[in-house]
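**Q** The feature region 'Disordered' is assigned by Swiss-Prot to 1-38, 200-224. Feature annotation from Swiss-Prot assigns compositional bias 'Low complexity' to 1-13, 200-215. Residues or ranges marked as compositional bias 'Basic and acidic residues' in Swiss-Prot: 24-38. The feature coiled coil is assigned by Swiss-Prot to 83-191. Swiss-Prot lists 122-140 with the feature region 'CAHS motif 1'. The region 'CAHS motif 2' annotation in Swiss-Prot covers 159-177 and is backed by similarity to another entry.
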Amino acid sequence: MSNYQQESSYQYSDRSNNGQQQEQQEKKEVEHSSYTHTDVKVNMPNLIAPFISSSAGLAQELVGEGFQASVSRITGASGELTVIDTEAETEEARRDMEAKAREQELLSRQFEKELERKTEAYRKQQEVETEKIRKELEKQHLRDVEFRKELMEQTIENQKRQIDLEARYAKKELERERNKVKRVLERSKFHTDIQVNMEAAAGSTHSGSSSVAVSESEKFQTNN
C-alpha cells in the first residue's frame, strides 16, 4: 500500500473592466509565467495501488517466478477559469457558421433537384404506362364489340336453323295428316250402304241404298 500526494498550482490574474487592457494582460501572462499567482495545496486522498500478480502462463515464462506489476492512480483538481474567445476564434466560428449555412442550403437545393428529377421521371413513366393501358383497353373494347357482334350473328343464325327445323318437321307432320285424311275419305267413298226399315199396322216398308265411288263418279242403287 502506498500514499500519493500531488500539489496543484493555479494561477489567477487580476483583470480590469477594460477589454483591451484585459487582452494585453492575458498576453503578458502567456509571456511571463511568474506574474502574480497563488499557490493552492490540496491533500490527495490515500488510494490503494492496484496489485496484479501472476504465477503461471506467459508472464511466468517471460520473467520467471515472482512476477508483479503495480499501477498507481494519479488524480488532479482544477479551479474555475474564465474562457474568452480571441478575435481570430470568433472570426473562425463566424466563418464556420456561414459555411455551414451555405452547405445546408446547397444540400437542400440538391435534395429538391433530385426530388424533382425523380418525380418527373416517375410522372413520365406513369404517362407511358397509362398510355399503354389506354391503348390496350381500346383494343379490348374493340374485341368485346366484335365478340358481341359474332355472338349476335351466331344467335340469329341458330334461331333461323331452329325455325327451319321446326318448319321442315311441321311440313312432314302436315303431310302425314293429309295422307291420313285422304285415306279415310277414300275409304268412306269407296263403299257406303244405307238401310231403312219402317214397321206399320198396315204393313212394312223396307228401303236401302248402296253407293260405290269410282274415281270422281258415283253410282247409286235404290231398292224399294
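Yeah, the Cβs are placed from backbone N, Cα and C, and that goes for glycine too.
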**Q** I'd like the per-state residue tally for the region 'CAHS motif 1' (122-140) from DSSP, helix first, then strand, then coil.
**A** 19 helix, 0 strand, 0 coil
**Q** What is the pLDDT of the coiled coil (83-191) when averaged and given as a whole number?
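**A** Mean pLDDT for the coiled coil (83-191): 89.
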**Q** In the region 'CAHS motif 2' (159-177), how many residues does DSSP assign to helix, to strand and to coil?
**A** 19 helix, 0 strand, 0 coil
